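Here is the structure we will look at.
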């Protein structure tokens with residue numbers, strides 16, 4: 001499945017006018033041909049995609065736009081129908097109107113868009129009422145060919161109603177002849193116990209191959225590229241270990257605060273929101289051993305093995321912060337987290353965290369994995385940074401700095417290596433520079449699909465490689481639950497940091513203490529001026 005996605009999306013054309021890029025006609029045919037040859041992807045079958053929570057923001061901003069792009073580019077089975085379900089009294093026209101700002105439709109695509117929405121329908125009902133789901137099933141059965149159709153249920157819902165919705169899907173809405181797949185959005189629980197309760201509940205209703213726990217970060221281009229970078233290049237294998245890597249830094253930075261969502265965020269915090277899922281998944285791809293194949297089970301088994309080697313996070317290796325307003329800032333930058341009217345007064349919830357983890361196995365023993373994430377920081381950035389050890393036998397009198405390999409996930413996907421080179425001219429002194437692969441420069445005519453496009457297409461094709469397995473989830477919560485419970489019990493006051501800054505200075509001190517060396521001599525500048 002990985003090869004299929006690579007080929008089908010890398011034949012598209014990149015638009016420079018700000019519109020969502022479209023796949024070329026030849027690309028559509030090539031992609032469709034490869035998809036239709038996949039054993040799980042039956043072009044002639046009828047498929048029904050049901051959006052539970054069709055009136056919500058996630059459906060409006062992500063799910064409907066993604067389905068439209070896949071439909072527009074000819075990447076879905078020919079007979080695919082879309083059914084929205086929510087409590088609100090809505091029409092398909094109302095859904096279309098609310099989604100339009102996010103669909104990125106060009107003038108030439110209006111007929112295709114009308115064809116897409118002609119395949120849409122909407123049913124209003126109660127999430128806890130079996131009668132509503134019986135009506136939903138009757139509506140699905142009224143669609144052409146639906147008696148044999150495959151059904152995909154996307155739960156774009158708050159986790160508080162997962163139990164009742166999944167029970168009603170199981171009892172009233174399952175396809176008797178086709179396959180059934182359920183897509184579940186994070187958060188997958190609040191801690192280890194609640195996650196186990198959710199997993200037990202889901203497994204009592206569905207088999208593991210029917211459950212798709214979606215972490216959209218696993219659909220991002222550079223996150224998926226980590227496996228190819230590691231296991232498709234001979235040069236990295238011998239140095240990807242404790243003998244050569246001094247530390248690994250995984251960074252997730254957002255330049256905005258909670259901005260009215262503080263009440264929701266305050267229930268979870270930055271560790272649950274980003275670190276326990278997105279960042280830990282990236283750590284797995286960096287640290288795991290080579291799987292036997294790219295088969296979903298083989299890949300997920302290796303991720304579980306590396307998670308089992310990580311001991312729970314220790315408070316002594318943690319820095320927590322909370323942003324405050326910048327008096328000299330503009331707009332929202334003047335406001336701190338506690339200025340958000342939806343945030344409880346005096347909240348000690350962290351909006352920034354640095355946590356150091358260690359993988360206790362032969363490859364990584366002693367190497368710190370530094371996870372750093374936060375809101376209201378100085379830039380938008382997500383990256384994986386491997387800093388290598390010093391060159392032994394230095395002959396350049398401490399003028400050489402550590403090599404680094406950086407995989408930039410967002411923005412402007414890139415891979416670059418910081419290295420030493422002779423300074424040009426008559427000098428014989430080392431100078432820090434980079435080897436650079438910036439995607440939008442190297443792949444000018446390539447469309448990089450949205451993460452949800454890849455993942456929803458994976459569900460149609462039956463590939464679970466980029467979805468979270470129940471045993472992965474269990475290990476992830478095992479690592480962070482003791483720390484989260486300690487924070488909730490002791491309520492340590494987070495260190496204040498200014499909106500638009502790099503975060504608390506104490507985080508830099510922690511990174512330095514465990515072995516990361518920030519030289520302060522060099523900043524990578526994108527030479528392509530994207």
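Each Cβ is built from the backbone N, Cα and C atoms, and glycine gets one as well.
The NADP(+) 1 binding site annotation in Swiss-Prot covers 53, 54, 55, 56, 57, 58, 59, 60, 87, 162, 186. Residues or ranges marked as D-glucose 6-phosphate binding site in Swiss-Prot: 186, 216, 217, 218, 219, 220, 254, 273, 375, 380, 410. Taken from Swiss-Prot, the feature active site, proton acceptor covers 278. Taken from Swiss-Prot, the feature NADP(+) 2 binding site covers 372, 381, 385, 408, 416, 417, 418, 436, 437, 438, 502, 518, 524.
Distribution of Swiss-Prot features across the structure.
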residue : record                             : Cβ within 10 Å
53      : NADP(+) 1 binding site             : 23
59      : NADP(+) 1 binding site             : 23
87      : NADP(+) 1 binding site             : 13
217     : D-glucose 6-phosphate binding site : 22
219     : D-glucose 6-phosphate binding site : 22
254     : D-glucose 6-phosphate binding site : 17
278     : active site, proton acceptor       : 23
372     : NADP(+) 2 binding site             : 26
375     : D-glucose 6-phosphate binding site : 25
416     : NADP(+) 2 binding site             : 19
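Residue 385 (NADP(+) 2 binding site) sits 13 Å from residue 410 (D-glucose 6-phosphate binding site), taking the Cα positions as reference. On the backbone, the CA of residue 418 (NADP(+) 2 binding site) and the CA of residue 57 (NADP(+) 1 binding site) stand 40 Å apart.
Comparing Cα positions, residue 87 (NADP(+) 1 binding site) lies closest to 217 out of the binding-site residues 217, 254, 372, 410.
Whole-number maximum of the Cα to Cα distances across the NADP(+) 1-binding residues 53, 54, 55, 56, 57, 58, 59, 60, 87, 162, 186: 21 angstrom. Of all residue pairs in the D-glucose 6-phosphate-binding list (186, 216, 217, 218, 219, 220, 254, 273, 375, 380, 410), the one with the greatest Cα separation is 22 Å apart. Listed in sequence order, 414, 415, 416 are the same-chain residues at least 6 apart in sequence whose CB falls under 8 Å from the CB of residue 437 (NADP(+) 2 binding site). Taking only the Cα positions, the spacing between residue 372 (NADP(+) 2 binding site) and residue 59 (NADP(+) 1 binding site) is 29 angstrom. Across the structure, residue 57 (NADP(+) 1 binding site) and residue 254 (D-glucose 6-phosphate binding site) place their CA atoms 20 angstrom apart.
Cβ neighbour count for residue 385 (NADP(+) 2 binding site): 18 (other Cβ atoms within 10 Å of its Cβ, all protein chains included).
Put simply, residue 55 (NADP(+) 1 binding site) is 24 Å from residue 219 (D-glucose 6-phosphate binding site) when counted between their Cα atoms.
In sequence order, 377, 378, 508 constitute the residues six or more apart from residue 502 (NADP(+) 2 binding site) in its chain with CB-CB distances below 8 Å. Considering only the recorded positions 217, 254, 278, 410, the residue whose Cα is spatially closest to the Cα of residue 55 (NADP(+) 1 binding site) is 217. Counting only the Cα atoms, the space from residue 59 (NADP(+) 1 binding site) to residue 254 (D-glucose 6-phosphate binding site) is about 23 angstrom. When secondary structure is read from DSSP and collapsed to three states, residue 372 (NADP(+) 2 binding site) falls in the strand class.
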